[in-house]
Amino acid sequence: MVDDSRVIRKAISKILGDEFDLIEAEDGEVGWERLLEDDTIQVVIADVEMPRLDGYSLICRIRASDEARIREAPVIIITGANDDETKERALACGATDFIVKPLDSTQLLMRARAHAKLDQTTRKLAETTVALEEQAAADPLTQLHSRRYFMQRGQQDLSHAKRHGNPVAVIRVDIDNFRAVYRKHGDQMCDEILVWLAKIFTAASRAEDTVARVGGGEFAVIVPSSGRREAMVLCERLRAAADEKPFTHNGVSIPVTISLGLAVFGHDQADTMEQLMGLAVQRLTQVKAEGGNRIGGPAEEAPPDLARQPPAPWRGAEPAAEVSIPELTLEEAFMEQPDMEKSLQMLAGGDGGELVPYLPDLMTRIIPLLEFGNKKLDLGLGFAIESLKAKIQGRK
């Protein structure tokens, strides 16, 4: 109970003390500190008008808490103000209930009981929900992740890989000849083998990898931020660990080998978890048909996929092709050079090719006009004119 009046706190203690363990706070700040410290608090009873932190602000802070037990705690507001505005504001902040002074002992006791029971039920429901989610996410025998969790996690890792341009690998693993082992040794022995392999796979994988049991003798691994080469290394590590020595239990030794199929987003033509799993299973089935105890992975070089190819880096505009100006023959040198008007007529008539031998001289003759126009009209062509002069000089 949070109230700056010692008289009110004593009155509440007298009403509720026989049924509840009461924790007192003289203002909202102290009440908030008590809430953070004590996770057994089921109901908060608070006044509105208090120093430091009033009842409205306390409710808002409670409802904004990151901790569910605090955020969802029932809050009963007790105040001497019997007006609609106070009630509406308290309820808008998130108050669960509202009691007006003077206190009615029966009413306060009944409401405290009801809200405490509600909080207890809510907590049990939350605990049950968490337990069910954990059961659904874990295989009860091996304690590995379930297939359902595996696919959900895989979709998250795949979405992350797409956003950041990273690869992600999916590995499917089967125990070779597992049905024959089952027929010969029975349920108990097969369960022991599954648990043994689960420990091997967990030990060989990274913390960020997701290892799951997805079927009877079937496992799968998600390997984030790993391309073909890194994933193939992990596949070989898993295969070699299972093949290193026979499984032994109660004096019975059973050779166990595994086959693996690998698919890699960013290397294979697969963009969803379903496609990656399907491709991994195809490769797994193939190597099992070839005798097992081996790895089926993508080719070392990814098939061409123009849609996945990054655009070629921009290198700027390609330099313009240089016009080859042939050397003048002695006869051409003594020919009469066309003037500007004749040159324009030749261009208009489609005879521009005949002007090529005379271009350096023609351009030199037009430069004074360009310089004069640039100066009078402020065209900003100074740099271009100087570059033109240099190029013409280089041609001569």
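The first residue you see is number 1, and the count goes up from there.
Backbone N, Cα and C atoms are what each Cβ position is placed from, and that goes for glycine too.
Taken verbatim from TrEMBL:
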type	residues	note
DOMAIN	1-116	domain 'Response regulatory'
MOD_RES	Asp47	4-aspartylphosphate
DOMAIN	166-300	domain 'GGDEF'
REGION	292-317	region 'Disordered'
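The helix, strand and coil residue counts that DSSP assigns across the domain 'Response regulatory' (1-116) are 56 helix, 15 strand, 45 coil. On the 0 to 100 pLDDT scale, the domain 'GGDEF' (166-300) averages 94 in this prediction. There are 23 other CB atoms within 10 A of the CB of Asp47 (4-aspartylphosphate), with all protein chains counted.
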